[in-house]
Amino acid sequence: MSTRSVSSSSYRRMFGGPGTGSRPSSTRSYVTTSTRTYSLGSALRPSTSRSLYASSPGGAYATRSSAVRLRSSVPGVRLLQDSVDFSLADAINTEFKNTRTNEKVELQELNDRFANYIDKVRFLEQQNKILLAELEQLKGQGKSRLGDLYEEEMRELRRQVDQLTNDKARVEVERDNLAEDIMRLREKLQEEMLQREEAESTLQSFRQDVDNASLARLDLERKVESLQEEIAFLKKLHDEEIQELQAQIQDQHVQIDMDVSKPDLTAALRDVRQQYESVAAKNLQEAEEWYKSKFADLSEAANRNNDALRQAKQESNEYRRQVQSLTCEVDALKGTNESLERQMREMEENFAVEAANYQDTIGRLQDEIQNMKEEMARHLREYQDLLNVKMALDIEIATYRKLLEGEESRIALPLPNFSSLNLRETNLDSLPLVDTHSKRTLLIKTVETRDGQVINETSQHHDDLE
């Protein structure tokens with residue numbers, strides 16, 4: 001029996017061959033040699049050796065060689081002089097031919113795989129050159145045109161943000177100034193309203209005084225009328241009394257004429273009349289003077305109140321006009337303030353939207369830059385992996401070259417002619433017991449490489465009997 005040990009390689013792992021993956025940082029090589037020796041109990045003993053080579057990373061490509069060794073003699077064995085049966089030689093030739101046919105088929109498969117491998121290596125080298133060119137372009141040019149466009153757009157966005165910030169600050173200053181003007185106008189309006197209230201209260205007091213003066217004038221007019229009526233009544237009464245006195249005087253005069261000895265009453269009546277006339281004139285003069293003084297006082301008070309009322313009306317009209325103008329101005333300022341606040345809100349909303357758009361653009365550009373960096377890092381990792389694979393494939397190519405050279409040298413050896421073999425008969429009874437078990441020698445060689453350098457190499461020998 002023979003054993004073939006096959007390990008998975010990076011080539012099969014990369015290009016679809018069977019096997020499992022290994023670490024990319026280190027490689028291990030295994031060399032397994034299996035040797036079998038068969039004892040046939042005669043002078044002819046075929047020996048078959050199989051060698052398997054596994055290269056990094058864990059790949060295995062096997063070739064096997066078969067040789068037929070003839071031993072003319074065995075120590076302690078006596079050979080017969082007769083010819084051996086050629087059926088054994090025919091069987092050996094058939095096995096040898098089958099082995100050669102299988103080896104040719106395997107060699108053809110290996111050649112096909114090797115050609116595919118070379119094509120893939122060339123393709124990978126072209127891809128590697130493209131990646132190297134891109135990497136050199138990225139490293140050599142520094143900032144690409146896309147980066148310049150991004151930076152230019154970022155500068156433009158920053159300039160717009162600064163301009164909007166300045167506009168916002170200017171609008172806020174204007175708003176503060178307008179707020180101060182509005183506060184000052186409100187204070188002035190409050191003062192004008194207070195003055196208006198004071199003027200209205202003064203006007204109300206003046207109206208009260210005018211009403212009182214009017215009532216006093218009416219009262220005085222009624223008093224004057226009553227006094228005039230009283231004067232007329234007194235005058236009429238006085239006239240009647242005078243007439244009565246005159247009538248009495250006439251009667252008395254007649255009696256006096258008739259009676260001379262009676263006292264003179266005319267003088268007494270005249271004195272009484274003079275006294276009454278003086279009293280009436282005095283009362284009339286005092287009443288007229290009091291009436292004139294009262295009328296003059298009331299006229300002066302009425303004129304004074306009329307002047308104050310007219311002045312109060314003028315001031316009230318002036319205050320009303322001022323209040324109306326201030327109200328219109330306040331309404332205009334309110335409208336201006338509302339429009340400015342609306343514009344400021346719109347500008348703030350636009351600024352917030354533009355700032356959000358700028359932030360989104362900045363985030364998108366940063367994401368694109370990060371993606372480009374990650375893609376560059378991925379290309380670098382792929383490039384490093386390809387370098388590792390290339391080194392491993394170079395090692396496998398060198399191994400294949402050695403195997404092919406060994407196979408070519410083996411094929412070039414002359415084959416023995418089994419038909420001319422003459423074997424002597426061996427007395428098996430007198431021969432010592434020969435071990436019919438096959439001997440297998442297993443050589444395990446472990447080579448660990450990292451970045452193309454051998455860092456560890458171990459060999460193990462195992463001898464087994466079957």
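Just so you know, glycine gets a Cβ as well, placed from its N, Cα and C.
Here's what Swiss-Prot has on this protein:
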| type | residues | note |
| --- | --- | --- |
| COMPBIAS | 1-13 | compositional bias 'Low complexity' |
| COMPBIAS | 21-32 | compositional bias 'Low complexity' |
| CROSSLNK | K104 | SUMO2 cross-link |
| CROSSLNK | K120 | SUMO2 cross-link |
| CROSSLNK | K129 | SUMO2 cross-link |
| CROSSLNK | K139 | SUMO2 cross-link |
| CROSSLNK | K223 | SUMO2 cross-link |
| CROSSLNK | K262 | SUMO2 cross-link |
| CROSSLNK | K294 | SUMO2 cross-link |
| CROSSLNK | K313 | SUMO2 cross-link |
| CROSSLNK | K373 | SUMO2 cross-link |
| CROSSLNK | K439 | SUMO2 cross-link |
| CROSSLNK | K445 | SUMO1 cross-link |
| CROSSLNK | K445 | SUMO2 cross-link |
| MOD_RES | K120 | N6-acetyllysine |
| MOD_RES | K129 | N6-acetyllysine |
| MOD_RES | K139 | N6-acetyllysine |
| MOD_RES | K168 | N6-acetyllysine |
| MOD_RES | K188 | N6-acetyllysine |
| MOD_RES | K223 | N6-acetyllysine |
| MOD_RES | K235 | N6-acetyllysine |
| MOD_RES | K294 | N6-acetyllysine |
| MOD_RES | K373 | N6-acetyllysine |
| MOD_RES | K445 | N6-acetyllysine |
| REGION | 96-131 | region 'Coil 1A' |
| REGION | 132-153 | region 'Linker 1' |
| SITE | F351 | site 'Stutter' |
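Straight-line distance linking the Cα atoms of K313 (SUMO2 cross-link) and K104 (SUMO2 cross-link), rounded to a whole number, equals 134 Å. Here the CA atom of K168 (N6-acetyllysine) lies 30 Å from the CA atom of K188 (N6-acetyllysine). Every protein chain shown contributes to the tally, and the Cβ of K373 (SUMO2 cross-link) ends up with 10 other Cβ atoms within 10 Å. Secondary structure at K104 (SUMO2 cross-link), as computed by DSSP, is helix. The candidate set comprises the recorded sites K120, K129. Of these, K120 has the most other Cβ atoms within 10 Å.
With K294 (SUMO2 cross-link) as the anchor, the candidate recorded sites are K120, K129, K223, K373, and the one with the nearest CA is K223. Calculated from their C-alpha atoms, the gap between K168 (N6-acetyllysine) and F351 (site 'Stutter') amounts to 9 Å. Note: the Cα of K139 (SUMO2 cross-link) and the Cα of K104 (SUMO2 cross-link) are spaced 50 Å from each other. Per-residue pLDDT, averaged across the region 'Linker 1' (132-153), gives 72. Considering only the recorded sites K120, K129, K223, K373, K235 (N6-acetyllysine) has K223 as its nearest partner by CA-CA distance. Taking the Cβ of K139 (SUMO2 cross-link) as centre and 10 Å as the limit, one finds 9 other Cβ atoms among all the protein chains shown. Cβ neighbour count for K313 (SUMO2 cross-link) (all protein chains, 10 Å cutoff from its Cβ): 13.
DSSP gives K168 (N6-acetyllysine) a helix state.
Rounded to a whole value, the Cα-Cα separation of K373 (SUMO2 cross-link) and K120 (SUMO2 cross-link) is 28 Å.
In space, K120 is the closest of the recorded positions K120, K129, K223, F351 to K104 (SUMO2 cross-link), judged by Cα positions. In this structure the C-alpha atoms belonging to K129 (SUMO2 cross-link) and K223 (SUMO2 cross-link) are separated by 133 Å.
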